[in-house]
Structure formats: structure tokens, C-alpha cells
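**Student:** Pulled these from TrEMBL:
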- D140: active site (ACT_SITE)
- D454: active site (ACT_SITE)
- K110, E111, D140: UDP-alpha-D-glucose binding site (BINDING)
- K267, D289: Mn(2+) binding site (BINDING)
- 564-582: transmembrane segment (TRANSMEM)
- 655-675: transmembrane segment (TRANSMEM)
- 687-705: transmembrane segment (TRANSMEM)
Amino acid sequence: MEKSLPLHVCHVSNLSMLINRSHGFLQSTAIAFLIYYRASFFFQDPETRETPWSVWLTVSVCELLLSITWLLGQAYHWRPVTRTVFPERLPEDDKLPAIDVFVFTADPSKEPTVEVMNTVLSAMALDYPSGKLHVYLSDDAGASLTLNGLREAGRFAKSWLPFCKKYGIKTRCPEAYFLASENEDGSVIRTLEFKADREMIQAEYEAFKVRVMSFREDSARSTTNSTSRDHPAVIEVIGMNINEEVKTPLLVYVSREKRPSYPHHFKAGALNIRVSGLISNSPYMLVLDCDHYCNDPTSARQAMCFHFDPKISPTLSFVQFPHRFHNVSKHDIYDGRMRGGFAALYPGMDGLRGPVLSGTCFYMKRESLYGSSIKRGRELPELKTTFGSSTEFIKSLQGNFNGSMTNDGSISCSWPQETKTLASCSYERQTKWGEEASSHPSLIGFLYNSVVEDVMTGLVLHCKGWISVYLNPSRPQFLGTSVTSLSDLVIQGTRWSSGLTDIGLSRFSPIIYGTQRMSFLQSSCYVEVCFFPLLYCLSLWGFGTIPQLCLLNGIPLYPQASSPFFFVFLFIFLSALLKHLYEVLRTGDSVGTLVYEQRLWMMKSVSVHTFGSLDSIMKRLGVREASFLPTNKATDDEKIKLYQMGKFDFQTPTLLLVPMVSVIILNLTSLAVGMTRIMVAGTWDKMFVQLLLACYILTMNYAIIEGMMIRQDKGRIASPVILLSTLLST
């Protein structure tokens, strides 16, 4: 009877669905009246028009673009669902499949080694049979510091893992566990034996950190010809459990070869870890960024509740968990939690065949990436032109190879040279790696040609018939490090905006590629995902400048306050704002969160989305090459202090800061001059909406005004930036 019980249950949010659809209908009706109002202008007598037709057309286009973005986004709200899993109903451990865990790091100066090793240790400590868990650390910098740190982590794991299992520790990231109180973990009985063991393991952990930090000092003094962009392949198996009492998961260090003359395709190139196919070749894999540690050891079993379901497993590619963060302040001024995405949009996509792939915190079926494409009797020479020259690796893809691991936990002697060949920068030459093949329902690994390889890969997987699911348990399964400064936010956001626009302008554009292969609603989600940076930057630049310039010159753009159409505009504005407030309150947040999100939406649209979209267009025109800067995970005490106080740190590149400040100065000027003009001319009725718009923008962006005029700390906006912005806005 137990075996017949479901492993998971899907709950449709009927109330949210009703509210979303009702709001969508009313808002769409109001937008139709708005379009009618704008279009009717062009049928008026030119002699009676108060507004130049070019200005009217421009603001109409901005409104239309914003309306299209909103309309596309309604697909997220069509059928939101949530899911519950029952991991206790899974089969016995000996029937569970093996899992390869991939942890990715790219720069030890921005991704502290101790933090990376904590992620590795938390992955090794997952509640899963140790013989079926294989942890790979992919070091794209080829840093000896990281390799030495991993060796130490392998040694410390022999004490840490038994401690966690003995006392049922839930928080299995050592740093997070020791920073929390004993009661906070809520998973142990505080006996004298436990306290003694805890003190002993904590002392071991502190010694472990000291040793890792000493490697940083040694690496700073050492001289080597290797760099993060020019180094040989290094592959080392750290632990193999041969004749050892404490069994730990296989731990492998992988640093692929990188040379300046060969493209390395950023994280997508690192994700295509062929080495694992030759060593362990597990049917499932967990992908983690180096700062996202495992906060709940049961995540693997929870994911297997879906992969073991015979109804969906044949077409299920991945299970996506939300990105959550351990360092988010109560003043989440940078939207570090990405609440709108993971609490509102992802449940909506989950109701349509699954969410987008989100770079980290997902369990993926290896077969969906490339396995099924070569089980159809193709000849070996043909397969080598697609997957490369390694016969052993092709066997692993065909399912005829179970990896190099033997029954006693050792590795066969033939693996070292073959794995280095697979990790060489020349292996992919004249192959199909990183490409989509239209003749079969699989990819050839993670796709290249975009710095957001996750979204592009997920899009093509969905187009080829695979599905995904989104699981958001009450206890965060993974916790990462959120951005805590405006500089990191704009660098990260510009990279994402550029990558998403790349997809929108590529042959995988969901407008063409997606609509032919997915449902209308699912493809609408992807169109919104890929084009929102471009659509927002165009529309928000228009709303932030055109009405204000017209206000300065006494040119009306909106209906008079006494006109029936005034209430159409007012309804659209208030309806959108109230719907946003409903979403915020429904996820347990306050009105302050709405203010933070509205402010960031405006700030990012005129800076991050603008430069990201321009960067993508320039790449398409061949003006510049793609680049990738990892987000800084290292802590800065001064920036952290400002963040905890809810104050912006405006020490950011001038180029990215000037657009925001210029728009605010223009709105301040237009409000002051426009109000004076209105008081003299008595045109309140005609100019009321433009005054309201300027007031709203300035109210939501008070933090920028404060940084310009009031603050005196180091995080204020520098005088040269204000001067340059003033010149541009005039």
C-alpha cells in the first residue's frame, strides 16, 4: 500500500488564478481604451493639436511597449502551482540512482576559498548514500590555492560528515552551522557527549580555515606562468575510500585547459564537464555555484520524488529550486532575494510545463543534455564528429560505460590521460559541443553563445519536449551570497541583460524558435524573459524624460483631469500598483518591499538594462566580443554596513550611475519649472498627469536625491557624477 502512494502532489492556486485572470481582463480593457485615445489623436485636425505629432507618437510607442511587456507577463499568472513532496516514500537506498554534484568557481579573489570549500563540504554531507554521491569542483581559474583548499576539505570531511550523521545535523555547511546557535539548527539533543564532540569538531574546523588561509598567503608570494585564462588541464581525485573506515563521497578537482587562442565559452564551457562521464557517469547531476551551499541535506531525495515518478520522469529534464540567500538585510534595497521571480513568476511557469533553468540549485537528468541523441544506431565515426574523439566518453553517453570506478571505490588506471584529453581546450574543435541539433530531441551539452547559458539551454530543452518542475520548500534547500552593493548589482544585472538580449536576437529567439515548438503561454513567458531588458529600457527612458521635457515647455501629453480618459490612465496606474502590492503581501512582505522593487525597476531600466541591451546589439554587429565578470562574493565591511542600514552605496562606475542621476535631475527641474509655469498660466487641468508622474518618480527614487544632496558618507554620489549628469540633463 505504501508503494502506491504518490511521491509528490501538485496544488493549483485557484484563488490566485482567479484574481490574476480578473485583473488581466480589466487591465487589458483599460489598455484598449488607452490605445484608442492615443490613436484618435492622429485623426484630429492638425490645426487644433496642442502637441507635436512626433512627441505624441514617441510616448504612444513607449506606452505600447510597456503594455506588451505586461501582456506577455500575464502568462506567468495564468496557472500558478505549488508542489509538496514525500521523500519518505522513496525506495531503499540501494535503489537510488547516483548523482554527480558540480560546484563551480572562477576567481579566488572574488570567491573566497573558505566559502567555496564550505559549499563543497555541504554537498558531500547530503543525506544520500555516500557511494552514490560524487562531488566535482570545477575551478576555471586553475588556482593552486583552490586545489590545496580542496585537499584540506577532503581531510576535514572525514570528521565533519560522521559528526553530521551521528547527531542529525540539518545545517551541514560548517561556517553556517557554527555561526548559528545550538538551538537554531533544531536537530540535536544537547547531551554532554554532543557538546564535547561539537567543541572538538569546531576546533578542527578553525584549524582547517587557518590552513586554507595560509595557502592564500603562499599563493600570493609564489610566481607562476599560469593565469586564469592560460593554464593546463588539471584533474585530481582527492579521496577514493580505499580501505578507510569513514566512507565519504568521491571528491574530484577539475580545471579544464584554457588558452587565449581558444574560446572557453565562460560558465557554459565549464558546465560541459565531460570528465565526469568518464569517472562516475551518474545519471543525475546537481549544479551549484560556489557560494550556494546545501542548507538542507534532503534536497537530493526531494528532487528524486519527481525523477522517480513514472508519469513525468521520461520527459522530466530538471528540478529547479529557488535561489535564496543568507545575507539579505531586512532592508532588501537591491532586491537580493529576487522575490518577484522566485515567489511569483516561477510558480506560474511551473503550471505551464516548468520554469526556466536558473544557473544553480537544480537537479538535472544527464540524458536530457546529450544521452538520448546517440542511442539510435549511429556509427562511431559520425558520433566522433559530434562528440569528439574519445571512444570511452562516447560509450558513457550510449549507456555502455559505468565510469572508471571499481567496486572497492578505486579508479581504473586508464582514466588520467583520457580525462585530460576531455578537459583540453582543443577537444571541442570541429565538434558540435554547445550547439543544438535539430535532428534529435537532445542537445550537445549546455549551449554556448550567451553568458546566460542556463536560460538558453532551458529554452531549447523545453522546445524539444522536455519539462521541468519548480520546488519551493519552507526550509531553503540552498543558500547563497546576495549582492550587497550597487556596483555588484549593476555588473551582475548588465551581464544578465546582455545575455538575455543575446538569446532574443539569436536564432533561438522565442518569438520564432519558441512559438513553433511550445504552447502560446509558455513561449510568451520566454519572450518576456528574453526581451524585458530591451522593452523596459526603451519604455522607461521614454516615461522618465519625454513627459518631463514637455512639462518644462508646457506641452500636454495626457488627458485633462476633467476628461473621462483621465480615469482610464488613473485606473491603469493604480490597478498595476495594487496588483504589485497584492503580490508583495501574498508572499509575506511589507509595503517597503514594493517601494524597493519599484525603485530598482526604474533604476535598472535606465542603466543596467540599457547597457546590457546595447552590449548585446554591439556583439551582434561584431563591434565587441563577449565578456564575463563573476559577481564579487568577497565581503567589504563598509559596504555591508551601508547595506544593513538600508542605504545605497553609490561607489559604482560613473558610466552606469550617470543615467540614473540625469533622469532624477531632469525630473526635479521639470517639477520645479513646470509647477511655476502652471501656477502662472493656470493650466493645472492639462498638466496634472505629468506633474503626478514626476512626483511619483522622485518619491520612489528619494534614495538617489538623498545621495546627491543630503548624505556625506563615502557611499554618497560623487560631485563629478552630479556635475556630469546635470550637463547631460540640460
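Backbone N, Cα and C atoms are what each Cβ position is placed from, and that goes for glycine too.
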**Student:** Rounded to an integer, what is the Cα-Cα distance in Å between K110 (UDP-alpha-D-glucose binding site) and D140 (active site)?
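**Tutor:** Their Cα atoms are separated by 13 Å.
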**Student:** Looking at Cβ-Cβ distances, which residues of the chain lie under 8 angstroms from D454 (active site) while being 6 or more apart from it?
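**Tutor:** D454 (active site) has long-range Cβ partners V356, L357, S358, G359, F446.
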**Student:** Could you give the Cα-Cα distance between D140 (active site) and K267 (Mn(2+) binding site), in whole Å?
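**Tutor:** Here the two Cα atoms are 8 Å apart.
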**Student:** Under an 8 Å Cβ to Cβ limit, what residues of the same chain, 6 or more beyond the ends of the transmembrane segment (655-675), are close to it?
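**Tutor:** Sequence-remote neighbours of the transmembrane segment (655-675) are 486, 490, 494, 544-545, 548-549, 551-552, 554, 603, 606-608, 610-611, 687, 690-691, 694-695, 697-698, 701, 704-705, 708, 717, 721-722, 724-726, 728-730.
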**Student:** Around the Cβ of E111 (UDP-alpha-D-glucose binding site), how many other Cβ atoms lie within 10 Å? Please give the count over every shown protein chain.
**Tutor:** 24
**Student:** So which one is it: of the binding-site residues K110, K267, which has the fewest other Cβ atoms within 10 Å?
**Tutor:** K110
**Student:** With the UDP-alpha-D-glucose site defined by the record as K110, E111, D140, how many Å span the farthest pair of C-alpha atoms?
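**Tutor:** Binding-site diameter by Cα atoms for UDP-alpha-D-glucose: 13 Å.
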**Student:** What's the CA-CA gap between D289 (Mn(2+) binding site) and E111 (UDP-alpha-D-glucose binding site) in angstrom, rounded?
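**Tutor:** Distance (Cα to Cα, whole Å): 10 Å.
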**Student:** How many Å lie between the Cα of K267 (Mn(2+) binding site) and the Cα of E111 (UDP-alpha-D-glucose binding site)?
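**Tutor:** Each residue's Cα considered, K267 (Mn(2+) binding site) and E111 (UDP-alpha-D-glucose binding site) end up 15 Å apart.
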